[in-house]
Amino acid sequence: QKIVNLLNSLLGLLYQEYRDKSTREEIETRRLQDSQTDPEENSASEETPSETEAAITPESKAAPQISLLRNSTSRFNLWQDLPEIRSSGVLSILQPDEIKLQEAMFELVTSEASYYKSLNLLVSHFMENERLKKILHQSEAHILFSNVLDVMAVSERFLLDLEQRVEENIVISDVCDIVHQHTVNHFSVYITYVSNQTYQERAYKQLLQDKPAFREVISQLELDPKCKGLSFSSFLILPFQRITRLKLLVQNILKKVEEKSERESTALDAHKELETVVKACNEGVRKMSRTEQMISIQKKLEFKIKSVPIISHSRWLLKQGELQQMNGPKTSRTLRTKKLFREIYLFLFNDLLVICRQIPGDKYQVFDSAPRGLLRVEELEDQGQSLANVFILRLLENADDREVSYMLKASSQSEMKRWMISLAPNRRTKFVSFTSRLVDCPQIQCVHPYMAQEPDELSLELADVLNILDKTDDGWIFGERLHDQERGWFPSSMGEEILNPKIRAQNLKECFRVHKSDDSQRRKLGSRNRQ
């Protein structure tokens with residue numbers, strides 16, 4: 001087929017390279033804007049790659065993938081750098097805003113070509129390798145590669161339609177209508193693939209451990225120049241990364257189309273459908289790990305009070321850990337710290353709190369519980385070192401149907417704040433959230449990726465922009481990501497604060513516009529932690 005033959009004959013970036021370069025460029029662009037006193041004046045006076053969001057420059061280095069560019073030795077940075085565009089004189093006719101929109105649509109097309117190239121390598125270089133086929137049982141290969149052939153076929157059809165649109169006219173009319181059509185009709189294959197991720201990761205680790213021959217072949221295949229130093233696992237995760245990135249690329253187009261236009265309506269429709277697919281992908285990933293976790297917890301609990309059924313299809317763990325409970329009345333504060341507190345262990349679920357004491361045999365004895373909605377927290381004023389990081393937890397209705405209070409001490413300020421926000425999520429944070437429509441709010445952009453280690457933490461991708469809702473003196477931030485309103489904690493060292501108020505306001509304005517079609521749903525989503 002035309003696309004396959006073209007890809008085999010052309011040089012271009014693998015999707016992993018594109019993704020890394022594009023996010024790095026986006027970070028540098030935002031840094032540049034943040035350092036300027038009037039970013040609007042700057043962007044209006046320049047027609048350079050730095051004015052485009054979502055890093056068009058590195059992305060479009062994959063441009064030789066599409067049939068407009070059949071010269072394998074050329075790598076054009078931007079849509080406006082294409083020979084066909086420069087020679088047409090169209091750049092002198094189009095408004096600067098339309099050129100920005102053309103670049104954003106062009107990036108979506110070229111990035112899909114780069115993504116398809118990487119998928120093709122995953123299949124041809126790894127999945128279809130004869131040595132690997134002999135080592136893997138059919139069931140192992142199925143778990144490892146899942147329905148990647150279906151995903152690649154969907155990408156190919158999508159890319160063909162995008163390429164056809166680009167070839168219709170040197171000025172691209174739209175791409176979001178194609179995105180919408182394919183998302184509705186074909187992108188369910190992503191949900192199947194991504195939902196298998198937990199099994200896939202587990203199977204890969206097990207194969208590396210149990211089969212030296214598998215480990216050897218994978219290592220040799222990774223060393224092939226085709227892979228450009230990239231790992232096998234970086235290819236396996238491509239579909240999840242792509243479906244998320246595609247939503248962001250549509251967001252970038254949406255920010256640039258004329259308001260109340262047909263192209264805005266199409267972009268909003270495409271974005272809404274992509275959000276549905278991304279959400280289903282996330283739920284698919286979490287479902288299995290949550291179920292296994294709940295079964296494991298139930299086995300560890302012994303009830304001193306009336307037993308509460310832990311396992312439920314609608315229940316999952318939000319946070320667990322040890323805290324110190326203050327013993328006796330408040331007048332006993334003069335006692336030594338050792339006698340003042342004793343250890344308790346909390347399991348906090350999305351709808352239930354269970355309070356335990358750890359007992360021998362890695363077990364926990366439950367002595368109280370309460371619905372999560374009937375919890376209240378209160379931070380104590382500074383009472384000296386022995387009562388540092390202490391807060392009051394009130395159960396409005398506990399296991400005995402009465403109101404009780406616990407004075408609890410955390411190991412650090414961040415741990416105290418994390419518990420307080422998890423226990424009472426509707427409690428006002430230090431700064432106001434996205435849903436408040438505040439004109440200005442502290443913001444941070446991610447400059448180092450972060451993988452969440454605890455349920456109340458938020459995994460970050462490079463160039464993510466977040467509102468800062470709370471921060472601690474010991475290096476943690478509670479943030480709300482603008483593009484999906486997911487909330488969670490992360491180390492402050494992962495990001496750089498955005499200091500320019502005009503850039504912060506611009507980020508919020510764009511975010512409100514992207515989500516205006518389903519605003520009521522956004523408000524509900526924004527009020528929840530990432531769970």
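Using the three backbone atoms N, Cα and C, a Cβ is placed for every residue, glycine included.
According to TrEMBL, the feature region 'Disordered' maps to 22-59.
Helix, strand and coil content of the compositional bias 'Basic and acidic residues' (22-33), in residues and according to DSSP, is 12 helix, 0 strand, 0 coil. Marked as compositional bias 'Basic and acidic residues' by TrEMBL: 22-33.
Per TrEMBL, compositional bias 'Acidic residues' is recorded for 37-50.
The domain 'DH' annotation in TrEMBL covers 100-284.
Taken from TrEMBL, the feature domain 'PH' covers 316-428.
DSSP states for the domain 'SH3' (439-500), grouped as helix (H, G, I), strand (E, B) and coil, give 3 helix, 29 strand, 30 coil. Residues annotated as domain 'SH3' in TrEMBL: 439-500.
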Q) Per DSSP, how many helix, strand and coil residues does the domain 'PH' (316-428) have? A) 26 helix, 53 strand, 34 coil
**Q.** Averaged pLDDT, computed only over the residues in the domain 'DH' (100-284)
**A.** 95
